[in-house]
Amino acid sequence: MANAMLLAVLVSFLVLPFSALALTQDFCVADLACPDTPAGYPCKKGVGPGDFYYHGLATAGNTNNLIKAAVTPAFVGQFPGVNGLGISAARLDIAVGGVVPLHTHPAASELLFVTEGTILAGFISSSSNTVYTKTLYKGDIMVFPQGLLHYQYNGGSSPAVALVAFSGPNPGLQITDYALFANNLQITDYALFANNLPSAVVETVTFLDDAQVKKLKSVLGGTG
């Protein structure tokens, strides 16, 4: 009897949040003129069909860059209709030899669907540093759990394209290489390094020597 009552209580806690969402409103198109909040953007007034439509993923991204890859987002900032819905999307273009380096999405899990070419992809678990890697072909999908380091690169002989779905309207993106080697150092007092990593600190936390760190900073645009 006690177990049955406990189960009923647990089920009620699970159902109530979804019931509350269903009873409030159908949608909340983002008003991008207002600041974002932890609960999302405020709702826009005067919503029309165009707020639930986005054509931006139809155009290939420019892969003429250092990593030979491009991510075209359809996050809440580009597609206000996804505000509050717990979803967003992106297009990934990777030229031959291109790579999306190790990165994380702090606020969402990712589902990648290959539509053209071949993509080698993987992620690293946080508990055991186990690597889960797979070669993906046209029609294949792979999931990358929220917050975990993952990567994609094109090891094939033709350009690769993938469509990506996220479990949040603004998944965030932090590329490890750019975080370490593309930040800019403007001052010399370590006590004031609020937003910058000097080379000495990068060397200490990565076990790389000074020449390697400065080489990577010169490639990725960092200073200090």
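Cβ from N, Cα, C; glycine included.
Annotated features in TrEMBL:
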- His103, His105, Glu110, His150: Mn(2+) binding site (BINDING)
- His105, Glu110: oxalate binding site (BINDING)
- Cys28-Cys43: disulfide bond (DISULFID)
- 55-214: domain 'Cupin type-1' (DOMAIN)
- 1-22: signal peptide (SIGNAL)
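Report note: the Mn(2+) site is defined by His103, His105, Glu110, His150, and the residues of the same chain whose CB lies within 8 Å of the CB centroid of those residues, excluding them, are Thr104, Phe123, Phe144, Leu148, Leu149, Pro171, Leu173.
Across the domain 'Cupin type-1' (55-214), the prediction's mean pLDDT works out to 91. Distance noted between the C-alpha atoms of His105 (Mn(2+) binding site) and Cys28 (disulfide bond) is 23 Å. When the alpha carbons of Cys43 (disulfide bond) and His150 (Mn(2+) binding site) are compared, the span between them is 33 angstrom. Least packed by the Cβ count within 10 Å, out of the disulfide-bonded residues Cys28, Cys43, is Cys43. On its own chain, His103 (Mn(2+) binding site) has Leu149, His150, Tyr151, Leu173, Gln174, Ile175, Thr176 as residues at least 6 apart in sequence with a Cβ closer than 8 Å to its own Cβ. If you take the Cα of Cys28 (disulfide bond) and the Cα of Glu110 (Mn(2+) binding site), they are about 23 angstrom apart, rounded to a whole number.
Note: Glu110 (Mn(2+) binding site) has non-local neighbours Val143, Phe144, His150, Val164, Ala165, Phe166, Ser167, Pro171, i.e. same-chain residues 6+ apart with C-beta under 8 A of its own C-beta.
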